[in-house]
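Peer 1: Got a structure here, written out as structure tokens. Questions coming.
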Amino acid sequence: MSYKHLISACIFSSLCLGQVNAVLAEDKLPPSNTSTGQHSELSVDNDNLWQRLLRNISLAWDSPNQELYIPLNTWHNRWTYDDDKIESYNERPWGIGYGKYRYDENNNWHAVYAMAFMDSHNEVEPIIGYGYQKMWIPAEMDGWRFGVGFTASITARHEYHYIPIPLPLPLISIEYNKFSLQTTYIPGTYNNGNVLFTWMRWQF
């Protein structure tokens with residue numbers, strides 16, 4: 001494990017988030033010959049999936065709400081791996097992450113985040129992204145929330161020379177007040193991928 005690699009990964013994630021913020025700031029500026037009111041009307045009329053995604057990322061970025069991420073487990077699917085591979089892999093990653101989040105008018109969760117952790121080969125893996133979950137809040141269970149959604153993320157791995165790799169993934173979470181267990185499944189082929197990655201989120 002290399003502390004220098006982890007620090008570099010965190011800096012890489014921060015720089016990427018900074019670039020996203022700069023792009024979003026430019027995206028929110030109306031043309032010089034268009035009034036703010038006219039621009040708002042045009043945004044609503046011409047809204048599409050990409051524009052909604054950018055708007056949700058921007059709103060999450062501007063939110064004062066913050067989250068801490070702590071990786072807990074990377075479980076490799078025993079039905080898709082040889083035993084010797086399983087024995088050689090790290091399934092107790094250590095790392096840390098930071099995010100900004102908001103709940104919209106429907107109580108659905110939106111967040112932008114950056115995280116760095118030790119991967120299956122004990123090499124540093126950074127990841128940044130946007131996450132969305134549709135939340136279910138049981139009326140009879142005060143403080144509990146259950147979520148299903150997705151993350152649109154970018155990661156980079158040691159064996160691929162830290163070239164940025166797009167990584168859309170599903171998300172599931174169980175939450176109680178400010179604490180959450182969140183997980184995703186990374187699909188793959190035999191002896192590659194097929195990992196259940198779980199982490200803790202703490203909102204502050």
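Here the Cβ of each residue, glycine as well, is placed from N, Cα and C on the backbone.
Per Swiss-Prot, the features are:
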type     : residues : note
ACT_SITE : His76    : active site
ACT_SITE : Asp119   : active site
ACT_SITE : Ser120   : active site
SIGNAL   : 1-25     : signal peptide
SITE     : Lys85    : site 'Role in lipopolysaccharide recognition'
SITE     : Tyr190   : site 'Role in the phospholipid gating'
Peer 1: I want to verify one value. Collapsing DSSP to three states, which class is His76 (active site)?
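Peer 2: DSSP call for His76 (active site): strand.
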Peer 1: Helix, strand or coil at Lys85 (site 'Role in lipopolysaccharide recognition'), per DSSP?
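Peer 2: Reduced to three states, the DSSP call for Lys85 (site 'Role in lipopolysaccharide recognition') is helix.
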Peer 1: Same chain only, sequence gap of 6 or more: which residues have a CB within under 8 Å of the CB of His76 (active site)?
Peer 2: Lys85, Ile86, Tyr89, Glu91, Ser120, Asn194, Val195
Peer 1: Going by DSSP, is Ser120 (active site) sitting in a helix, a strand, or coil?
Peer 2: coil
Peer 1: May I ask for the distance between Tyr190 (site 'Role in the phospholipid gating') and Asp119 (active site), taken between their Cα atoms and rounded to an integer number of Å?
Peer 2: 18
Peer 1: Tell me, how many other CB atoms lie within 10 A of the CB of Tyr190 (site 'Role in the phospholipid gating'), whichever protein chain they belong to?
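Peer 2: So the Cβ neighbour count for Tyr190 (site 'Role in the phospholipid gating') comes to 12.
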